[in-house]
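According to Swiss-Prot, the feature substrate binding site maps to S66, N117, E161, N168, Y192, Y244, V262.
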Amino acid sequence: MLDANKLQQAVDQAYTQFHSLNGGQNADYIPFLANVPGQLAVVAIVTCDGNVYSAGDSDYRFALESISKVCTLALALEDVGPQAVQDKIGADPTGLPFNSVIALELHGGKPLSPLVNAGAIATTSLINAENIEQRWQRILHIQQQLAGEQVALSDEVNQSEQTTNFHNRAIAWLLYSAGYLYCDAMEACDVYTRQCSTLINTVELATLGATLAAGGLNPLTHKRVLQADNVPYILAEMMMEGLYGRSGDWAYRVGLPGKSGVGGGILAVVPGVMGIAAFSPPLDEEGNSVRGQKMVASVAKQLGYNVFKG
């Protein structure tokens, strides 16, 4: 049994130490994100037995952004299986910025990773669907199953992104021209943009992590969301590419599968134990929450969790 007092103390200490840390700036290329109050900071744990611990304004809802890639990857694995995902998308870190097209040019149009923009758009196109709305509803539903029923599309975020996503549209057409997109290019880009535009809070984000930690069983709803055999593939991708250019550094220092988003959210998974999540809008140059990284790493270190420790 996990010690409840110890878990709450770890969360409280991480929050106290880092919630006012200076550094970084909000993503400014998406108007909605540029206007989120920069002083916000939250950290939370959800355990595999369904207990919740948090510090900060855990009710504040923020844009899921790139963390949505984890959910869509999970659905693709359920739909087509791990071999098809590896063959059609890839399972390798790019070593490049999350929105780069260089890897596409170097590898014949194959995106390599489902956790960078090119691979994520391709993954969205892999989802079994007869039309754009079915594709979108299935992705929204998996987000809700993994994290909580309150996860919903923000029209304000979506509008802000749909009017500025020219680079992703270009990526979609590059994928299409190379034969690595599996539906209409603008359908894939539209749905991908929507999946990034849902709102979530930090406890729900930690619940997503706890669901992965529990092998696909949501510890709060007690419903199986994913086949247990598919979860290791998700965690492997998170370890390799979850924090973009910081992924290697994160694996070296923290040693947990993680995923960040430019909305300021960050997630880590302790397999078999818990999900740890944080939110704070100012980002480093790679697009990861400055305070969020520190808070999640602090919780993991205090509790002694690192998958490489054995």
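Cβ coordinates are placed from backbone N, Cα and C, and glycine is handled just like the others.
In the three-state DSSP scheme, S66 (substrate binding site) falls into the helix class. Annotation for Y192 (substrate binding site): same-chain Cβ neighbours under 8 Å, separated by at least 6 residues, are T72, A120, I121, T124, N168, A172. The DSSP secondary structure for E161 (substrate binding site) is helix. By a simple count of nearby Cβ atoms, those within 10 Å, the most crowded of the binding-site residues S66, N168 is S66. Across S66, N117, E161, N168, Y192, Y244, V262, which the record gives as binding substrate, the greatest C-alpha separation is 20 Å.
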